[in-house]
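Participant: Okay, handing you the structure first.
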Amino acid sequence: MSTAKTLTLEMHLGDLMIGELSFDATADTFAVHYTKDWQQSGFPLSPTIPLDGTGTSNQISMFLVNLLPENKGLDYLIESLGVSKGNTFALIRAIGLDTAGAIAFVPKGALLPETQLRPIKAEEVIQRIEDPTMWPMEIWDGKPRLSVAGVQPKLNLFYNGKEFAFAEGTLSSTHIVKFEKYHHLVINEFITMRLAKVLGMNVANVDIVHFGRYKALCVERFDRRNIPGEQRVLRRHIVDSCQALGFSVSKKYERNFGTGRDVKDIREGVSFNRLFSLAAKCRNPVAAKQDMLQWALFNLLTGNADAHGKNYSFFMTPSGMEPTPWYDLVSVDMYEDFEQQLAMAIDDEFDPNSIYAYQLAAFMDGLGLPRNLLISNLTRIARRIPQAIAEVILMLPPLDEDEASFVAHYKTQLLARCERYLGFVDEVRDVEV
């Protein structure tokens, strides 16, 4: 029972209670206790919170903080609840029914809300796009509606192929609708995601939807599956790389204090070495490393310097982790005012324009992987991209003149990057490091 000193949330997977999350308000510490049945047959919240209950308060706190929205979404949540930013327990209690992954955090003895859908109208979305100060995208019906991590304006919604709605009860969000924060960002992410799909990568399904004249990106959640006719949505548990490593969201970049002269050499965040170390916890370590390598190379070729630790995730299963489909793929190279330093260094190089055969060879040597694996993957992907990007452009909805110019520039930059890497990739085999 929760008291003023000890507060408790039940952890539910569907109809099954798998354990409890408790918070000692006096000591300011968390604890997770799994049920005996779940310890026998289930999976942990994350690798750092094992089934034997030995996860530390700090590890549990880091896991929970990574579930929270960022920037304005978090600010609105804090304002609505009247709690401090550091009150992680209160924040999780507020959004715990529909966070990333499969686990719902439910107050003890609480009844689930009635199963229902609250449809959203295009006019309501347009109002929030055009006047976000008066009508924040994150606030609906007087309460925060954003419960997924990230900084981009977005809504997590139930979608049945016809209309979008907020879901309650046994239903939950099945899609994430992302709105433009930067020039042509929706088109950019659509192209990059579909390009990965055409190349045969395991990537989330995306489409462009319209609210009046405004475009938005509709992303199908791979941790959710709607069961038509049964009034329920199945969930699958996932963790991002920060959670899997026991890192806070502040360490999603390898240079966790930024790129300033006095702090750029502090590299305590998610790096490729740390990411690849997680393959040992996967059901198929070899396949996991192959997926990680392809993700790294695809991001180099598409100019996605912002591929950080929260942009690579894993399914949690009783037999180990498994990489999820890719997501949040954007060519940030298209925006001059974006940070163009890599989120994770290739060897010790953060400047993508300074990566050559030497850096790629040292990168593979440092990971303990054969250089030929990089050569074959990079060559195959780069050679297939010209045809693949042509196919993807045909998938776009009608574009205006400015959008068409953006797409043409995207293609030119993409093909130039492919030619650049193809020009020296064979040197990776024999270069001395």
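Even glycines carry a Cβ here, placed using N, Cα and C.
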Participant: According to Swiss-Prot, which residue among SER147, SER172, SER250, SER319 is annotated as phosphoserine?
Facilitator: SER147
Participant: Which range is it, out of 20-24, 365-369, 380-384, that shows up in Swiss-Prot as DNA-binding region?
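Facilitator: Range annotated as DNA-binding region by Swiss-Prot: 380-384.
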Participant: Take the Cβ of ARG221 (ATP binding site) and count every other Cβ within 10 Å, whichever protein chain it belongs to.
Facilitator: 24
Participant: Using Cβ atoms and a strict cutoff of less than 8 Å, what residues sit near the DNA-binding region (380-384) while being 6 or more residues removed from its termini?
Facilitator: 199, 294, 297-298, 301, 418, 421-422, 425
Participant: Going by DSSP, give the three-state secondary structure for HIS308 (ATP binding site).
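Facilitator: The three-state answer is coil.
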Participant: In the DNA-binding region (380-384), how many residues does DSSP assign to helix, to strand and to coil?
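Facilitator: Tallying H, G and I as helix, E and B as strand, the rest coil: 5 helix, 0 strand, 0 coil.
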Participant: If I take the alpha carbons of ARG221 (ATP binding site) and ASP306 (active site, proton acceptor), what is the distance between them in whole Å?
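Facilitator: Per the Cα atoms, ARG221 (ATP binding site) and ASP306 (active site, proton acceptor) stand 21 Å apart.
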